[in-house]
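Taking it in order: structure first as structure tokens, then the write-up.
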Amino acid sequence: MDEGYNSLPSTHLLGSVPAVVADDKRPAVDEARTGSHSNLHVFPPANGGYQAPGTPYGGNEQATTNWKGVLSISSYSPYFNVDTDNVVDRILSSMNPLQGDFRRKIDSYPDLYGPVWISTTLVFMLAALGNCGTYLMNRKSVPDTAWVFDVNYVNWAASVVYGYALLVPVAFYFLLQYFGCSASLTRFWCLWGYSLFIFIPSSLLLVFPDEFLRWLIILVAGAASSVFIGINLKSYTEGSDMMVMCVSAMVLQFVLALFIKFFFYA
């Protein structure tokens, strides 16, 4: 019996050991690999950067290989990797707040391209068309009014629009976190950014020198934008009595609309 045992190939015994070790180590490798993935809605990422949906990494979970620090521009590039069709679709949803499907569209991968483009366009629209609208209103009452471009409109528009789109979502994000509600800073930036789009066509219509028409336009735009914010913010507070916060966000949005009317189209 000893001879039969000794006659067994040594490679058979030794070869089985690495197989067992490899099997034991495999769960650890899988866990490490799974833990190295993050969602686009997490900002800043805990373990690295992202790849946009549709890349070889696939799905909503993206490999964390692109984050190079807060001060690196390349770290934010995945947030701007969005198709034109997606941006247009989200803009249309922001124009129709009662449809209530905006959160579903940004849930998997919120973008920052739309909010930045919308905010920048609105700044130039308010600065240019605000001057034009003021001139037309003054010319209506005083025909010989001279055209004067107020460059301060650019400073005010940039400060108000960028400040509002950046700081208000941050404030509501920390408030919801404080009260124990689930919130995403990137989604909030995306939500508030797209909520400003309705003021772009409104700023064009506000040029017409008719005060009643101007008030009608700004009230409709402010109401639609406020409802859009309220409906989508409420979806983050389900199960909590946070109606006061939702109403506060809607009021802030409407105050922004009134500020646009009083300051740029007085």
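First residue shown is number 1, and so on along the chain.
Backbone N, Cα and C define each Cβ position, glycine as well.
Looking at the stretches 27-46, 47-66, the one that TrEMBL records under the feature region 'Disordered' is 27-46. When Cβ-Cβ distances below 8 Å are used as the criterion, the transmembrane segment (243-264) is approached by residues 126, 129-130, 133-134, 153, 156-157, 160, 164, 168, 172, 175-176, 179, 195, 199, 202-203, 206, 214-215, 218-219, 221-223, 225-227, 229-230, 233-234, 237 of the same chain, each at least six residues removed from its ends. Distant neighbours of the transmembrane segment (212-231): 94-95, 97-98, 100, 102, 191-192, 195-196, 198-199, 202, 205-206, 246-247, 249-251, 253-254, 256-258, 260-261, 265; these residues of the same chain sit at least 6 beyond its ends, with a Cβ under 8 Å from one of its Cβ atoms.
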